[in-house]
Ligand SMILES: O=C(O)CCC(=O)C(=O)O
Ligand SMILES: [Fe+2]
């Protein structure tokens, strides 16, 4: 695809914590391309019910693209795998548009050389949430997480390095991008139950894409 990476820079990057940057609206200018590309992935790898490490059902539904995928399909499929444990098929390749956007967004946040090998897609219906956790299954914790929000706004919870640390709530809107790495890489975070609403492109849903380096070493 020959679209420019960013046609304009909507708002300056906002530091959130050491190593963590909020790029407000940076995925909104090309939202049609983001959504069309995700829909292509979902046509190949439909959203599935997800389960916690303990086997409890989650309220989000998930899909993946990339060399690796985060298999949350319960019992035998928790952690990063090369194929979908349910279908046995390899995860669909990461579309070039997503790969390039994630690289450019990471670079804007101070992480050049980011080269994700997985994009986890989380779909939230109204009321869906994600409990406080940190992303700990990636091999090289030097690589950041690049997280893109599309559709309905949510209240994202940002805590500290200990589960018991105080949290703040951050409203994430359509097109907002959060990048966390460095001293913030292992910060606990989550999403409060999704408030009801209608988004002009995604209806009563929020999509979150997290780009990660699950297995690749990071040479930033
Ligand atoms: O939906 C979000 O904004 C966060 C998702 C998340 O933390 C995860 O998938 O690990
Ligand atoms: Fe997470």
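The count begins at 1 with the first shown residue.
For all residues, glycine too, the Cβ spot is worked out from N, Cα and C.
Cβ environment of residue 80 (substrate binding site): 68, 69, 70, 71, 118, 137, 138, 214, 215 lie under 8 Å away, each six or more residues apart in the same chain. The DSSP secondary structure for residue 80 (substrate binding site) is strand. Annotated substrate binding site per TrEMBL: 70, 78, 79, 80, 137, 163, in sequence order.
Taken from TrEMBL, the feature domain 'Fe2OG dioxygenase' covers 115-215.
Counting Cβ atoms from all protein chains shown, residue 211 (2-oxoglutarate binding site) has 28 others lying within 10 Å of its own Cβ. Among the features that TrEMBL reports, 2-oxoglutarate binding site is placed at 122, 123, 124, 206, 207, 208, 209, 210, 211, 212.
Under the heading Fe cation binding site, TrEMBL lists 133, 135, 189. The Cβ of residue 133 (Fe cation binding site) has 13 neighbouring Cβ atoms from other residues within 10 Å, across all protein chains displayed. Look at residue 133 (Fe cation binding site): DSSP puts it in a strand.
Pairwise Cα distances among 70, 78, 79, 80, 137, 163, the recorded substrate-binding residues, top out at 23 Å. Non-local neighbourhood of residue 189 (Fe cation binding site): 132, 133, 134, 156, 157, 158, 159, 180, each in the same chain, at least six residues away, with C-beta under 8 Å from its C-beta. The binding-site residues in question are 135, 137, and the one with the fewest Cβ neighbours inside 10 Å is 137.
Residue 163 (substrate binding site) carries neither a helix nor a strand DSSP state and counts as coil. Of all Cβ atoms in the shown protein chains, 24 besides its own fall within 10 Å of the Cβ of residue 124 (2-oxoglutarate binding site).
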